[in-house]
């Protein structure tokens, strides 16, 4: 009889322990169900890169003096600078410039140390290609300006991944329909236009007086 009661007691303890573990797992699941989504629906939604984002390098052919500083400061000696010496002007003349983004680590040293500021970082990060040779950009491809996320009518730009409004810490109390943090690009433009109009109106009133 005592053995039977012990078996029943052990079974009850194991059942309670199992139910406890299942309850803990379900509590985490239900907890995440009540939170707001943090997923960006790419490519229909895209984040607006920060001002210091290190994306594809932009190259201005007319500014380059073929000094090859970018090659010397590059950790992997990546930029290919092809030039010839002009005997009349006694200066280097750039013939061809290329960067292989399949190898580039986007450290930004070439941009930082360029004496003529012919290199700059852009916000372009969509560089995927089926052939690795297509990632080798020449001076023509490097000179192309990227298409900004804020100018793409087919994409909803998102300023940040922080969906919570200012001053709210607990995400569980925020409904999924509430406004995201930060202003949208069109709202920023409207705000700038409103400030500009107000300034012009104030200047006109001062002039009339």
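Going from the start of the chain as shown, residues are counted 1 onward.
Cβ from N, Cα, C; glycine included.
Listed in Swiss-Prot:
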DOMAIN    55-84  domain '4Fe-4S ferredoxin-type 1'
BINDING   64, 67, 70, 114  [4Fe-4S] cluster 1 binding site
BINDING   74, 104, 107, 110  [4Fe-4S] cluster 2 binding site
DOMAIN    95-124  domain '4Fe-4S ferredoxin-type 2'
Long-range environment of the domain '4Fe-4S ferredoxin-type 2' (95-124) - Cβ separation under 8 angstroms, sequence gap at least 6: 48-49, 52-65, 67, 69-70, 73-76, 78-84, 132, 135-139, 142, 145-149
Of all the binding-site residues given, namely 104, 107, 110, which is spatially nearest to residue 70 ([4Fe-4S] cluster 1 binding site) at the Cα level? 110
Once 64, 67, 70, 114 are set aside, which residues in the chain still have Cβ within 8 Å of the Cβ centroid of the [4Fe-4S] cluster 1 site? 65, 66, 68, 69, 81, 110, 115, 116, 118, 119
Just the number: how many Å between the Cα atoms of residue 74 ([4Fe-4S] cluster 2 binding site) and residue 114 ([4Fe-4S] cluster 1 binding site)? 11
Can you check which residues sit near residue 104 ([4Fe-4S] cluster 2 binding site), meaning Cβ under 8 Å from its Cβ, same chain, 6 or more apart in sequence, and list them in order? 57, 78
What other residues of this chain sit with their CB within 8 A of the center of the CB atoms of 74, 104, 107, 110, the recorded [4Fe-4S] cluster 2 site? 57, 70, 73, 75, 76, 78, 79, 99, 105, 106, 108, 109
Around residue 114 ([4Fe-4S] cluster 1 binding site), which residues of its chain at least 6 apart sit with Cβ under 8 Å of its Cβ? 69, 70
Which one of the binding-site residues (64, 107) has its C-beta surrounded by the most other C-beta atoms within 10 angstroms? 64
Which residues in the same chain, at least 6 apart in sequence, have a Cβ under 8 Å from the Cβ of residue 110 ([4Fe-4S] cluster 2 binding site)? 57, 69, 70, 73, 74, 79, 119
